[in-house]
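Here the structure comes first, spelled out in structure tokens, and everything after it is commentary.
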């Protein structure tokens, strides 16, 4: 008689099986923030090692608040906001290469890029470093290039994806014939050579932005009618979230080389919140946060079947309005923290810490491989000309110390140097006379002088604000 078949399931070995989430203590939360009520599937929150930024309700226009990470507790109701948009802000994203620079996208069709000082300003910040105008409808998605300096992507309800060089304020590329309907989300791959997009026309597209080509496409990766999200994970695979025909939430894993059949497709539950996926490449973990859910589920993606392994669920009582996800260099390696979320409630922001419990106090190399640092690997024009580069990695062995405030300088190209933009041609006689030049030189010289005066005054104001802050902090 043959021996009975082994019925015991072998438990898969993984150092992330015991990841557990914990909210911070009450005094470590950010209280009294009026989180935006705009109906938009964006995450409403962006964080980096210095700041947490949250889109807030604001009368007559659009605003977001920026708080230094350490400024926890009740937020003063007069805390300055970033207010420059004339309609609600729909998405915000910190620059990965400069922790003092953030971009915002708005219903007013513009994208603005802001310099945030290290001190808390006294007044609202109303002047962006640069305003990017090119969309004809509201702009609901922005995302910085992961490795090239100053390259920013925006996607609007005009079904258009635009790539910008923030350092010159110019449009680099416009991907205008690719999406036939509303774009739900856009994600870069690790080195920023490809994009993945999802769209209301039920297609997931992989795009080479510089060739302006769709290199792979999948229709209906999920059969349901509700929005799909897609992100790149390791080895160029694509992870999607969506809904089945029976409105169950699903996740899928796909291989670009064979987009027909999923590597994995799993049903989760029947809830109608769109699942926002957050991916950590260092641990190969995907965290799924549904808007309106009160839980965060997380999965490890590996090379063995079933490829997407459920790890655990962090549950809480209150639903989330939005979610921020800290880059790896902002985590506390001494506490074996592998992820930190910033969960938005109606009136507060609650950090949630994900840790892998370890007995040792030593640095855990296996949890913290070298991770992308703040230095860009390419300049914008190098990337545009076809170069690719992997992120420049840093070690977290001694923890990461944020760099001092670096100014984003926008050098607008002199429009007079370049060819005239296409449009109604002027008759040559109006511009070609030589007498025009000296007068023009004078005007330009005057503008330069005025700019220098303004910059000097701005510096003086900023110094005074700094002193005032030190003075008020000293008297608290």
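Backbone N, Cα and C define each Cβ position, glycine as well.
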Segment assigned the feature region 'Disordered' in TrEMBL (from 391-413, 414-436): 414-436
Composition by DSSP (helix, strand, coil) of residues within the repeat 'WD' (132-174): 0 helix, 25 strand, 18 coil
Long-range environment of the coiled coil (440-467) - Cβ separation under 8 angstroms, sequence gap at least 6: 117, 119, 121-122, 416
Close approaches to the repeat 'WD' (82-116) from elsewhere in its chain (Cβ under 8 angstroms; 6 or more beyond its ends): 36, 38, 40, 42-51, 53, 55, 58, 61-66, 124-133, 135-144, 146, 149, 152, 154, 156, 164, 166, 327, 372, 374-376, 402-403, 405-408
Summary of DSSP states over the repeat 'WD' (82-116), given as helix, strand and coil counts: 0 helix, 22 strand, 13 coil
